[in-house]
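Per Swiss-Prot, the feature signal peptide maps to 1-29; the stated evidence is sequence analysis. Among the features that Swiss-Prot reports, active site, nucleophile is placed at S46. Under the heading N-linked glycosylation site, Swiss-Prot lists N134, N245. Per Swiss-Prot, active site is recorded for D340, H344.
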Amino acid sequence: MPTNNTPFLTIFLLFLGLLRFDSFPGLEAATGKLASIPGLYVFGDSLVDAGNNNYLPISISKANYPHNGVDFPNKKPTGRFCNGKNAADAIAEKFGLPLPPPYLSLRGLLKREKRKSAAVTGVNFASGGAGIFNSSDQKLGQAIPLSKQVNNWLSIHEEVMKLEPSAAQLHLSKSLFTVVIGSNDLFDYFGSFKLRRQSNPQQYTQLMADKLKEQLKRIHDSGARRFLIIGVAQIGCTPGKRAKNSTLHECDEGANMWCSLYNEALVKMLQQLKQELQGSITYTYFDNYKSLHDIISNPARYGFADVTSACCGNGELNADLPCLPLAKLCSDRTKHLFWDRYGHPTEAAARTIVDLMLTDDTHYSSPITLTQLVST
C-alpha cells in the first residue's frame, strides 16, 4: 500500500542517482572523488556477515561474543567475525552510506520503518558458514546459503518496487551488489572424501562457478546491473592451515591451488555471463588471491608486522583454538593481517583490501576498476 513517504523517497532516490560525492567540500580526499551509489547490497559468508547468524538459533557459526567487536564502536560484538568493521562496512563508508544492517534484523512488525529505510540504502544478506551450494550449511548446523540470500533480497526488492517505477529502476541500476563467497564450498571439498570421489578439483570448481552464475542471473533479473565480485583468497595461508603444516608454518599450497582453479573458472563465467546478458551487466572482479599474496609477501609495505598468526586465539600461531572470550588477544590489532585461525581479516586488513579495490589501475581488478564501475 502506498504511503505518504513515497513521493519523498522517489525524489530522494532520483537525487542520489544523479549526485556525486565530490559536490561536497571536504569529502573529496576521503572518497577520492568516487561517484555516488544509492545503495549497497551484500551477499556472502563470514567475511562480510554483519550479524545475520545471531538470529539463527541452532547455528554454531556465530561471533556475537568477545573478543569479537573489541574495536567496534562501544566495543560491541555484533556478529562480525572481526575485531571491528569488516570489508562490507568499509565499502559502505567509502561511499558515504550507512552500514548495511543484517537482513534478519529487519523482520517483524516493529521493524517495518527500519526495513523501508534499509531497502533504500542497502542490506547485508551474508551469513557465516554460507556457500554457493545449498549443502554448505550442514557442517556448521545452520547458515543461509546463497540461494536463500537471494530469496531474502527479493523480499527487500519488493520494498524498492513500491517506489515510483522510474525511481526504482534508477535505484537498482545504480546500486552496487557485492558478492563474497566460495571459501566454505572449498573447505567442504577439502574435508569430504565423498565430494572428492564424485568430482575432481576442476569439475568441482566449475560447478561452483555455474551455480554462482544461476544466482547472479536471479539478482540481475530483479533489475541489478552493477556487481562487485570478490574472488577467493589464499585460504591455504590462514593461521589454522599454517599451524597444521609442519614446523615451518608454510602455506598449504594444495588448498591454494584449488582456490586458483575456482578463481579461473569464476573469471571465465563472468565473461560468459556478460555475453549472454548482452552487456546489460557491468562488473568488477577483484582478485583477492593476488591482493593477499602481495600483502603476505611484503607486509611492511601495507603496514603489517604479522601476516602468519592469528590476533585472537591460543596455541601455535595463536591458531589452535577459535577466538573465544578466554582467548589470547594481540595488543596491536592494526599490525595483524588475520583476526582468527580461520583467516578472517582484522579491520585494518579489511580496510587495506578495500583501498586496493579502489585503486585506479587494474592490477587487482578486471575488466574495469571499482571506481570505473560506479561511474558507469
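Just so you know, glycine gets a Cβ as well, placed from its N, Cα and C.
Projection of Swiss-Prot feature records onto the structure.
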residue : record                      : DSSP (3 states)
S46     : active site, nucleophile    : coil
N134    : N-linked glycosylation site : helix
N245    : N-linked glycosylation site : coil
D340    : active site                 : coil
Chain-internal residues, separated by at least six, CB under 8 A from H344 (active site): S46, L47, F81, C82, F338
Residues near N245 (N-linked glycosylation site) in space but at least six apart in sequence (CB under 8 A): C251, D252
Spatial separation of D340 (active site) from N134 (N-linked glycosylation site) - C-alpha basis, Å: 25
N134 (N-linked glycosylation site): tally of other CB atoms within 10 A of its CB: 13
